[in-house]
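Feature list (source: Swiss-Prot):
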{"type": "CARBOHYD", "residues": "ASN60", "note": "N-linked glycosylation site"}
{"type": "MOD_RES", "residues": "SER258", "note": "phosphoserine"}
{"type": "TOPO_DOM", "residues": "27-95", "note": "topological domain 'Extracellular'"}
{"type": "TOPO_DOM", "residues": "117-140", "note": "topological domain 'Cytoplasmic'"}
{"type": "TOPO_DOM", "residues": "162-168", "note": "topological domain 'Extracellular'"}
{"type": "TOPO_DOM", "residues": "190-200", "note": "topological domain 'Cytoplasmic'"}
{"type": "TOPO_DOM", "residues": "248-325", "note": "topological domain 'Cytoplasmic'"}
{"type": "TOPO_DOM", "residues": "347-360", "note": "topological domain 'Extracellular'"}
{"type": "TOPO_DOM", "residues": "405-416", "note": "topological domain 'Extracellular'"}
{"type": "TOPO_DOM", "residues": "438-445", "note": "topological domain 'Cytoplasmic'"}
{"type": "TOPO_DOM", "residues": "467-487", "note": "topological domain 'Extracellular'"}
{"type": "TOPO_DOM", "residues": "509-524", "note": "topological domain 'Cytoplasmic'"}
{"type": "TOPO_DOM", "residues": "546-558", "note": "topological domain 'Extracellular'"}
{"type": "TOPO_DOM", "residues": "580-584", "note": "topological domain 'Cytoplasmic'"}
{"type": "TRANSMEM", "residues": "96-116", "note": "transmembrane segment"}
{"type": "TRANSMEM", "residues": "169-189", "note": "transmembrane segment"}
{"type": "TRANSMEM", "residues": "201-221", "note": "transmembrane segment"}
{"type": "TRANSMEM", "residues": "227-247", "note": "transmembrane segment"}
{"type": "TRANSMEM", "residues": "326-346", "note": "transmembrane segment"}
{"type": "TRANSMEM", "residues": "361-381", "note": "transmembrane segment"}
{"type": "TRANSMEM", "residues": "384-404", "note": "transmembrane segment"}
{"type": "TRANSMEM", "residues": "417-437", "note": "transmembrane segment"}
{"type": "TRANSMEM", "residues": "446-466", "note": "transmembrane segment"}
{"type": "TRANSMEM", "residues": "488-508", "note": "transmembrane segment"}
{"type": "TRANSMEM", "residues": "525-545", "note": "transmembrane segment"}
{"type": "TRANSMEM", "residues": "559-579", "note": "transmembrane segment"}
Amino acid sequence: MAGRRLNLRWALSVLCVLLMAETVSGTRGSSTGAHISPQFPASGVNQTPVVDCRKVCGLNVSDRCDFIRTNPDCHSDGGYLDYLEGIFCHFPPSLLPLAVTLYVSWLLYLFLILGVTAAKFFCPNLSAISTTLKLSHNVAGVTFLAFGNGAPDIFSALVAFSDPHTAGLALGALFGAGVLVTTVVAGGITILHPFMAASRPFFRDIVFYMVAVFLTFLMLFRGRVTLAWALGYLGLYVFYVVTVILCTWIYQRQRRGSLFCPMPVTPEILSDSEEDRVSSNTNSYDYGDEYRPLFFYQETTAQILVRALNPLDYMKWRRKSAYWKALKVFKLPVEFLLLLTVPVVDPDKDDQNWKRPLNCLHLVISPLVVVLTLQSGTYGVYEIGGLVPVWVVVVIAGTALASVTFFATSDSQPPRLHWLFAFLGFLTSALWINAAATEVVNILRSLGVVFRLSNTVLGLTLLAWGNSIGDAFSDFTLARQGYPRMAFSACFGGIIFNILVGVGLGCLLQISRSHTEVKLEPDGLLVWVLAGALGLSLVFSLVSVPLQCFQLSRVYGFCLLLFYLNFLVVALLTEFGVIHLKSM
């Protein structure tokens, strides 16, 4: 069952990519005017067409609000809240620490939203779609599961790349996550459980990742990304997928006839802590088993709805630790909202998680969420013929469809087209993730303005840590459970997808919208320090692992951790100008 669930959640990465293209391009394109205030120069401010927004803190307190509202560099295209205006126009200077504290708290909660949505709603629906499409393990493994696990990273990169002001944030996050995963996570795995690495998958993944990093280094050196380069990134990932499939096919042929049965999914093709995702999906939102009553009786429609919307397992609550309970309290509002708006299909259950009253309610609420989150709600409030908003039409159509479905189905038997709810759930959860990722990017940029930090350093620290912490714990759990090779392989498989698809698709969306090449303006020396550190960490592993005869010890793990600490110190010293070059 675990093997099946492991490979179920990956379908529709291509469809999701198309969704991302529409979602992100729309998010940036439609709301440009929404955040631009009247175009009058601020009193007492020497206004220029574009001034670095980080200079706002050097102005008089009375001029800061006007500067934020009139300076194009301070406008965040997309998102629902204007965080910079909130700090400088609605909080007095004496309450700036309070504003920053609230923003950081909201940022942490957004990371929680990203994790819950991806793990418990987005990935399970990908699993159901993969089962419906009958995809092979290999194809699903290196594409759709990688996308499902890396959804927060990919969405954050797409949102950041779609705005020239935050492109550095995307590069910092992708490079920063790469350094973090290949040093801290990989090192932690070997410290927890020394093991013998698989030579061929190791060489394959690290070489592909080094090529991706080198291409990104060249892209930064050129300072621009053309359509050919963007397509080249995506093409390289396709080539990687083909290589993995061929390597796995050759590996299985060599093992054919052996006394040992091959694994359904070999460690060679695992990506980004899959096994933990399986465990997560198996244990989370198993609605039927969690809330199954001791005595079977015919439940009413209201009882089915209440049980389906209950995100809390009371038996599990009683036996869990205080830490788990505290975290669950914060998750409950998010889980309830997602249960209400996102359908989840589970092919492994007899009823496929069919809950008639809730699923019929989804036919009304989910499309409404789609139109209100797509392009930051621009589509939803658009008035057809200047009379009726789109969201009203969606509610009417959804209500009619829900009524037909409710009276044409039963509580005990899922309908023949129930699998279509997986596509609806996938679309809705993807848009929830995109909305949260947009807010994350906007908050980080606002904090960068307040503290005069570059987008790159915010990306390599806060954004990289926030998006990678879940996978880090997942891989550490795998290592403790005796699967260090699987976890180590996941370190490289997932980040290859993130950098190639994140950069390639993000730049492709920007090019398709603006019809010009993407201009990149590296944040000084720091970007080169980041790229160099990632390259050095890969070279270190490429040289040291074969020298150890692929027997990875705790010494190797501690060396990787020491490397990351040194990198972090150098990066921060570079950001604050302690380390600098005269030519920079």
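A Cβ is built for glycine as well, from the same backbone N, Cα and C atoms used for every other residue.
Bear in mind that the values here come from a model prediction, so they are computed numbers and not experimental data.
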*If you run through the topological domain 'Cytoplasmic' (509-524) with DSSP, how many residues end up as helix, strand and coil?*
6 helix, 2 strand, 8 coil
*Run through the topological domain 'Extracellular' (347-360) and tell me, per DSSP, how many residues are helix, strand and coil.*
5 helix, 0 strand, 9 coil
*If we call contact 3 or more Cβ pairs under 8 Å (sequence gap 6 or more), are the transmembrane segment (227-247) and the transmembrane segment (488-508) touching?*
yes
*Are the transmembrane segment (559-579) and the transmembrane segment (417-437) close enough that 3 or more Cβ pairs fall under 8 Å, when only pairs 6 or more apart in sequence count?*
no
*Could you check what DSSP calls the residue listed as 'N-linked glycosylation site' once collapsed to helix, strand or coil?*
coil
*With Cβ distances under 8 Å as the criterion, find the stretch in 96-116, 446-466, 488-508, 559-579 that has the most pairs with the transmembrane segment (525-545).*
559-579
*Reported in the order helix, strand, coil, what are the DSSP residue counts of the topological domain 'Extracellular' (546-558)?*
7 helix, 2 strand, 4 coil
*In this predicted model, what is the average pLDDT of the topological domain 'Extracellular' (467-487)?*
75
*Kindly report the helix/strand/coil residue split of the topological domain 'Cytoplasmic' (190-200) according to DSSP, in that order.*
5 helix, 2 strand, 4 coil
*Which bits of the chain, at least 6 residues beyond where the transmembrane segment (384-404) starts or stops, bring a Cβ under 8 A of a Cβ in it?*
360-361, 363-368, 370-372
*Which residues, given as numbers and ranges, are at least 6 beyond the ends of the topological domain 'Cytoplasmic' (190-200) yet have a Cβ under 8 Å from it?*
247, 251, 267-268, 476, 479-480, 482, 484-485, 488-489, 545-546, 550-554, 556-558, 560-561
*With Cβ distances under 8 Å as the criterion, find the stretch in 326-346, 446-466, 488-508, 559-579 that has the most pairs with the transmembrane segment (169-189).*
446-466
_Same-chain residues at least 6 beyond the ends of the topological domain 'Extracellular' (347-360) whose Cβ lies under 8 Å from its Cβ atoms_ = 1, 4-5, 8, 127-128, 131-132, 287-288, 301-302, 304-305, 308-309, 339, 402-403, 405-406, 409-415, 418-419, 421
*For the topological domain 'Cytoplasmic' (438-445), the number of residues DSSP places in helix, strand and coil*: 8 helix, 0 strand, 0 coil
*Who are the chain neighbours of the transmembrane segment (326-346) in space, where the CB to CB distance is under 8 Å and they lie at least 6 residues beyond its ends?*
109, 112-113, 116-117, 120-121, 124-125, 128, 285-286, 308-309, 311-312, 317, 320, 352-353, 358-359, 361-362, 365-366, 369, 418-419, 421-422, 424-425, 428-429, 432
*Which numbers of helix, strand and coil residues does DSSP report for the topological domain 'Extracellular' (467-487)?*
18 helix, 0 strand, 3 coil
